[in-house]
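Here the structure comes first, spelled out in structure tokens, and everything after it is commentary.
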Amino acid sequence: MNNSSELIAVINGFRNSGRFCDINIVINDERINAHKLILSGASEYFSILFSNNFIDSNEYEVNLSHLDYQSVNDLIDYIYGIPLSLTNDNVKYILSTADFLQIGSAITECENYILKNLCSKNCIDFYIYADKYNNKKIESASFNTILQNILRLINDENFKYLTEESMIKILSDDMLNIKNEDFAPLILIKWLESTQQSCTVELLKCLRISLLSPQVIKSLYSHRLVSSIYECITFLNNIAFLDESFPRYHSIELISIGISNSRDKISINCYNHKKNTWEMISSRRYRCSFAVAVLDNIIYMMGGYDQSPYRSSKVIAYNTCTNSWIYDIPELKYPRSNCGGLADDEYIYCIGGIRDQDSSLTSSIDKWKPSKPYWQKYAKMREPKCDMGVAMLNGLIYVIGGIVKGDTCTDALESLSEDGWMKHQRLPIKMSNMSTIVHDGKIYISGGYNNSSVVNVISNLVLSYNPIYDEWTKLSSLNIPRINPALWSAHNKLYVGGGISDDVRTNTSETYDKEKDCWTLDNGHVLPRNYIMYKCEPIKHKYPLEKTQYTNDFLKYLESFIGS
């Protein structure tokens, strides 16, 4: 006898000939010969059954008629060394039987088979199965597959078998793979129609109501399975009082603008949520120290340096919807770098910076409206400055800190409205080169330089400004001090990434936990090596339906955009 496989083959031969068999598994009219010792060694169920006086020691039969005969037979063959022959048709029966008999290796083999073959065609079936038998591993994997393929599944014949509890779980999930929230009510209505079940308020609460278009809200109002329920209409009548909703992960794209290590080109990167990686989607020739503003999903890059030693007045843009560069944009009124960039609903603003002629600081703010042939003067800051933080909040332009005359930082905070400039509570410390973001009605700044005299100290400070109370609050510091990092807000969280730390480009990112007031290094948003991220913008997907007039079959029209 050379090895265990030969021994198993011999024992299986004994079983087939009935030699030394001391137990019969009875399933209805079928019988399976076996050995108690062999079954006990492979199955926890049989081990307990045969050793704890559950049956008489002289008993020769065990009745398992509540189990599927073919599955039990396949598993006993498996115990005796015959490989399982798994298919999509039999794997569920074999797995549930293996789970009952507690045959660990067979359970693992069945689970691995399902996970390997999981797809949009079988994920609902396996999800319902896993939920019934409380298999968390398969339930989680099949649920994620449903989320990823949800718009394919709304016409699947198994879609109607999902329970209301499952639909609430699906429609509530941040990872639901829809690029526009208007598709969530479509998913709900398709399920209601397939089950002929009336809507409930619990289902409506899963929708991000504040993100829905008026056309889709009207479609909900008018649908018979919604309008017939008084509680649902009452809920929809009060949506104006609901809190603002945050977009789902797939309804926005994180687009970063920076300089790559590939000959220092401008690089546009997109975050892949599925792979948890940044992927370069476009690049162009080198430029640095430029300002960035985003309007209508177009990223504008203003001024800065190109490959010459002189500052530039050129403005270029990248259209995230068409994945194309735009070059025919009017130039700035004069070359400048280290300026601030902002946008409101109509205009792009270029703020302050360093002029090319004599490297002097400028206080001018210019604005440009897309389709207009030139930039126009808008205002002047109280003092010339560069490398300041800028933010647009409640229709006001805020200018924060920056470098002023003498290469020193300032702690000034001012806002510009139609009535002119207004001073606000000063920063707790003089700062420049920090990142700035508006989040949840406040202005947040992080990193940069801070010093009262010469600009030379890299900061890890994070501050928030409340415009209602006109006060600054110091938050937990970054783990890594950095200048000119990118600060962005997505899915109700704050992130900071990139920048320069200790004169070296850093590819690290950090996430802020508001409840714990702490920053955590974020392995999921690590940047490409030697990549300076100037700005990161959540870009909301746009669809032509947003300008479409409402009709009675609007949801059917919406469905035609699936896959586009």
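Positions of Cβ are set from backbone N, Cα and C atoms, glycine also.
Taken from Swiss-Prot, the feature domain 'BTB' covers 21-88, and the record attributes it to sequence analysis. The feature repeat 'Kelch 1' is assigned by Swiss-Prot to 252-297. The repeat 'Kelch 2' annotation in Swiss-Prot covers 298-346. Residues or ranges marked as repeat 'Kelch 3' in Swiss-Prot: 347-395. Annotated repeat 'Kelch 4' per Swiss-Prot: 397-441, in sequence order. The feature repeat 'Kelch 5' is assigned by Swiss-Prot to 442-492. Residues or ranges marked as repeat 'Kelch 6' in Swiss-Prot: 494-539.
Counted over residue pairs 6 or more apart, the CB atoms of the repeat 'Kelch 1' (252-297) and the repeat 'Kelch 4' (397-441) come under 8 Å in fewer than three pairs, which marks the two as apart.
DSSP places the residues of the repeat 'Kelch 6' (494-539) in helix, strand and coil in these numbers: 3 helix, 25 strand, 18 coil. Proximity of distant same-chain residues to the repeat 'Kelch 4' (397-441), defined by a Cβ-Cβ separation under 8 Å and at least 6 residues beyond the stretch ends, is recorded for 338, 340, 342, 349, 351-352, 361, 365, 379, 381-391, 447-455, 459, 461, 463, 465-468, 470-472, 474, 483-489, 492, 494, 496, 499. DSSP places the residues of the repeat 'Kelch 2' (298-346) in helix, strand and coil in these numbers: 0 helix, 21 strand, 28 coil. Across the repeat 'Kelch 4' (397-441), the DSSP tally of helix, strand and coil residues reads 0 helix, 25 strand, 20 coil.
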